[in-house]
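Taken straight from TrEMBL:
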type	residues	note
COMPBIAS	111-127	compositional bias 'Low complexity'
DOMAIN	235-325	domain 'Nbr1 FW'
REGION	92-136	region 'Disordered'
TRANSMEM	180-202	transmembrane segment
Amino acid sequence: MKDQPAATESIPDRQAAQEFATQLRTLRSAAGDPSFRKMAGRSGRISHTTLHEAAAGTRFPSWETVREFVRACEADEVQWRCRWEDAQRAATAHTSVDGDLTPVRTDSPTDSEALLTTTDTETPLTTGDEKPDARTDALPAYRPVVSGIPAPSPGEPDALRPTEFPQTDEEVVGEPRQRLPWLAAVAVIVVVAMVAVLGAIVRNRSSTPSVSPSASAFSDSLIPGDSSKFLRDVTIPDGTEVRVNSQFVKVWALKNDGEVAWHNRFLARINPTADADGCQVPDRVAIGDTPPDEEVMISVSVTAPSRPGTCWVSWKMVDENGQEFFPTRRPVFFMVNVID
């Protein structure tokens, strides 16, 4: 049997990557078109080159790349996780149909290959006097051979009949081969069960509301039982206009949402050298001692840059050695528009 590839390039994969890249570019535009270097600085976990490739649609991005892209644009991670999974699922579906691994038959199939084709196309029937090749015993477990239909009426030698299987070593030599009509019923039960399970999964997913990551507790912590929750911007809401070279104090309100008392903690700026021409701030500021279920105000003095633009600085909670207490949680930040 001769095979030849049906396709040489995965065009649907490139299309899926480009379509998803269009969504990422729209998100970045809605966030004010920050530069990829600034986005990388906000993330602190990914390079600007990788972010640029994701927006350009060079290849379909990993979830780690998309997550940092979304975090840098302050978008909903759960919503974008669903979008990324849908786009990836669409690319996989296209690949299974149009991929370059689909063989094209150039000659007539043998009897045993005809049986394999019948099984794969969900037409579990054989005609005439053909008998399955011994290789049918090697069929994978996920391809059950379905056989068994009403017996042909007398006088119809070419009528459809059940597939017969070769004897095993345990059978008596010369004993007639047993027909297995019960396999048809088993296969039907398996298919119905799979459809029911898939339907339940789809309904459950569609009925589960999306929850913003910013509204949930921290997903991990350096200390078991430790947790933190952002409450509000006390001063300088995001998008506030400030004059060049002006000074202001940014204040956030956080809550100790866990079971561990906070002591000797700080807010440290992420990637302090990411924007040398941006706002001038200290590398870290102290957080007052805070028992569980209490709020704390954290302030930082800021000097605006000497030229107009957008200033965005992100911070994470660390100990005195700079180790993050909540490494995978989104940072707190401030963003101001600097004007003349």
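Along the chain as shown, the residues are counted starting at 1.
Note: Cβ is positioned from N, Cα and C throughout, glycine not excepted.
Unlike curated records, TrEMBL annotations are generated automatically.
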Across the domain 'Nbr1 FW' (235-325), what does the pLDDT come to on average, as a whole number? 91
For the domain 'Nbr1 FW' (235-325), the DSSP residue counts stand at 0 helix, 46 strand, 45 coil
